[in-house]
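Annotation comment: TrEMBL describes 46-176, 220-363, 396-526, 582-724, 903-1001 as domain 'Lipocalin/cytosolic fatty-acid binding'. The annotation signal peptide is assigned in TrEMBL to 1-21.
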Amino acid sequence: MMSKLIILVFSLLGLSSVCVGQIVQLGQCDANVPIQEDFDLESFLGTWHEISRLDNPNQPGDCSLYELENENNVLNIKHSSVNRNFHEEAKGIVTQDGNTARLKLSISSFENPIDFWVRSTDYSTFAITFSCENISNLQRRIHIWVLGRERAFSEMALALIYTTISNTFGIQSSEFRTIDHSDDACYILPVIEPGEPIILPGQCDPTLPVLQNFNVDRFSGVWHQISSYETPNTNGACVRSEFSRSNEGVNIVNSEVVNQQLLTLDGHATVSSTDNSAKLSVVLNIPGGTNTPQDLWILASDYDTYAVAYTCINTSPTNKQVYSWILSRTRVMPQTVQTTVDQVVDSYMDLNYQYYKQTDQSDAGCFFYPEPVANQPVVFRGQCESVNVQAMQNFNIERYMGLWHNIELYPTAFQSGTCSNADYELVGSSVTVVNTQVNNERLYTVNAVGVPAASDGSAKLVVTFPIPGSDQTVSSDYWVLDTDYDNYALVYSCSNLNADEMQVSSWKLSRAKSLSTASSTAINNIINTVSVLDSRYYETMDQSVQGCFYFPEAQSGVPVVFPGQCDENIAVVQDFDLNRFQGEWHEIQSYPKAEQSGHCINHRYTPLDNTRLNLESSSVNDQFLGIINGVVARASATDNAGRLTATITVNGEAKTIPFWILNTDYTDYAFAYSCVNLNSDFRGVWSWKLSRTKQLSAAANTAIASIVASNVVLQDTYFERIDQSDEACFYLPELERGEAVILPGQCDTSIRGITNFDITRYSGRWRLVESYGSDFQVGTCNVAHYTVENPTTLSVVNSQVINAELAEISGTATISSNDGTGELTFSFPSLYSWKMSRDNTLSQNAIDDMNRIIDSINVLNNRFYYYVDRTDTGCFYFPTPDPSSIVRFRGQCENIPVVTGFNTQRYLGTWYDIESYPGDFQDGTCNTATYSEGNDVTIVNTQVVNQLLVSIRGNAVLEASTDGSAKLKATFNIGGTDVTSEYWVLDTDYESYSLVYSCRPIDDEYVQGR
């Protein structure tokens, strides 16, 4: 057999292979397969209709026939068919192998000649033709055509033909496709060149089936045009229609993209049918055209995925112009949906894919530049992933940190103000972001966190922002497309809004308040390479002095910092009299200042020379007096205006600031002002309301208010009141901690103890944590024990550790009040103030409660309290030896050094107790301990009590260690109870001596040592 197989339906679409879809069988082609004997080629010539064939996707046509004729001894063949109602024709020649029925066709539709063998024929009625091709060593491919001189056979004739085929090839009739020779299948549509209107013969059919029970609401929404007949109003790409219900019917907005511009055409439609079928009457508002109603029929739709629309207009008594649109809810129609649409198209004579032209719904085709809308985000068609944009490579994130000014930007919903800036700080592997902007002269701040989005060193970050009013966050891309780190940066961000749209953001940033020409050129060079970046969308951010001005939030104790630079033209007092300004001024109100906090702030000015005054500023902070010295001077010897400077020394550092007198009458009030440029963007502002008395008069307030009203950086909200009361002006002397607190004046008898004092609950042990200094409290680890003697009296034992010795003093305390308050009279002299706790430290609640009381009593101040040493070292003392009592030490058992590399075998044997700390069960004489080897170490302790030998047996276990430490645990049964104690060998030579140590906790304060 030949290597390729011809099929008898030749497609004008052009087929590269004829093998797809044919029957594949096991085995090889049989060269001896029966064929027509005594084949008469002349009788075989003429017209043959194709009755059926094995299905083959390369032969989709119907109404197929073959014409064979002998012309000048050349056998010509012409094959014609109707494929989807279009006529297709191919011509060629036939050659014969001798006089056999083995024919070969060479025809224009195919590259190579193909075999065409005749299995059987009667020349006048039927013919069975076939081909076979070996496609591997194990398989062959078969195709068979059933031909007839007429377009149909009787059932009996067909049965005989299929019996022959079955017997020869083993293929049943069910495998064959019957060729349609009906009028509809043989109807031939005209060939219309692309771009020409679809004008067909005949008239529009008013009975054409359309979609029934039309649901306008379900049909509403966006439909994407997949393909359409030639239509004058839609010649662009990304064509779509949006339907929405209105009171008058249905609103329609058609759109297309032409040269990256979106063109729209609106109109409206009403349902024109009387049976609620999908027949619409549409009016489009065509510019310059006539708004003529036009039928639009929806032939088929499932509402959710596809729709096929149709319009027909009779153009003459013999012709009609047809329009059709295949629509989809998505820009790409799924294949499963396409199959359904194919069935719809095939069921209507006027619809044919030859007439449909594909609509470009690609990302490139749908891309257009939307019209810029001020303050509205820029939304493009398409998805972020389709944008060809590259982030900067080898990004140096450390150099990028710092303050960037937003010069131009794509509008965003969260940047509607002025003077937008971003400050970046690298913290570990993350970037903290502080975004600021000014809105209605108020500064708004948003904090965010950025992290690298890639590990390739590119400038791709993901920034996460909080969502205002919720605990949720939102993340977005932040790509630096270009930067020189010192002058400019171009930033890009994109997020997909849905499957069809993306929002693009971009920022032109600068280290200064404007971009240089070189920086702008560098940025524009990058913009020109990115399709979604265009100069028309960038809006200029107002970075002017006015745009950046805002009123900072007033914060107690925090200096006031305004944006912008100091105003050098603020009016001051002219002919300022330096001599009349001398004397004391009380500060009544002022802007916060870091150098001088507290209350009772007063300034005393004394003459230094003709242009300068000495300044002594005092303040009381936490009941202690602070003094700052300085000099106030004129700007020059010839300048008599109130533009002074003040030089003060704080912590050894001299600082000079402007000190301008804006108003004063010298005898009642003065109003001062200062401003210092902190950098090119911000200025610090200070102001003082001064009075000769400790309050401002009404006239002073009025005069100062008029000055405040005329200066934008002077606002009453920033002034803080300075307390000039006697209580605020009270201060304590400077004393070292632990020094006795001796104050002028008499004791305040109005100070009261706590109410409902419970003497029983108060009794017990109190540990001294902090204390005012006193003569007899010179030790550490002070403790007071209170014992109730009667309902109004406590016995008191105070103890402290001095040079590792415990010192005690005893006394009494008697309730002296008769109203149940906690006022006691002690028999000790020189008692001051103590902070006591049941534990070694004070809890935070206790500290807060104590501070509340301390702050309410002017003679109590935390600076006078010294901390009592309650460490283990401070509390340790050697108790007085008592042979009849165990040895109790303060503290807990320590991990003291022992013998390492301990040799248990050498240690065994008898040891005599020469000296020992007293123990509970060692009150005899001649104590010995004998150690012998057993499962562990067996111990037998003996002593002589009243001339009787008493022994006790136990065992010891060596604790596991890495260095062979001589730490054992010894267990004895005492009174029916196993008692285990430490047995540590501190030193031994194994032969003559051993020093042993044992420690047992008694409670949280004491241990027993042996």
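Numbers here mean position along the shown chain, with the first residue as 1.
Using N, Cα and C of the backbone, Cβ positions are placed for all residues, glycine too.
Residue counts for the domain 'Lipocalin/cytosolic fatty-acid binding' (903-1001) by DSSP state, with H, G and I taken as helix and E and B as strand, are 4 helix, 62 strand, 33 coil. Mean pLDDT for the domain 'Lipocalin/cytosolic fatty-acid binding' (903-1001) in this predicted model: 89. Residues in the domain 'Lipocalin/cytosolic fatty-acid binding' (46-176) partition by DSSP class (helix H, G, I; strand E, B; coil) as 18 helix, 74 strand, 39 coil. DSSP labels the residues of the domain 'Lipocalin/cytosolic fatty-acid binding' (396-526) in these numbers: 14 helix, 76 strand, 41 coil. For the domain 'Lipocalin/cytosolic fatty-acid binding' (220-363), residue counts in helix, strand and coil come to 13 helix, 76 strand, 55 coil, using DSSP.
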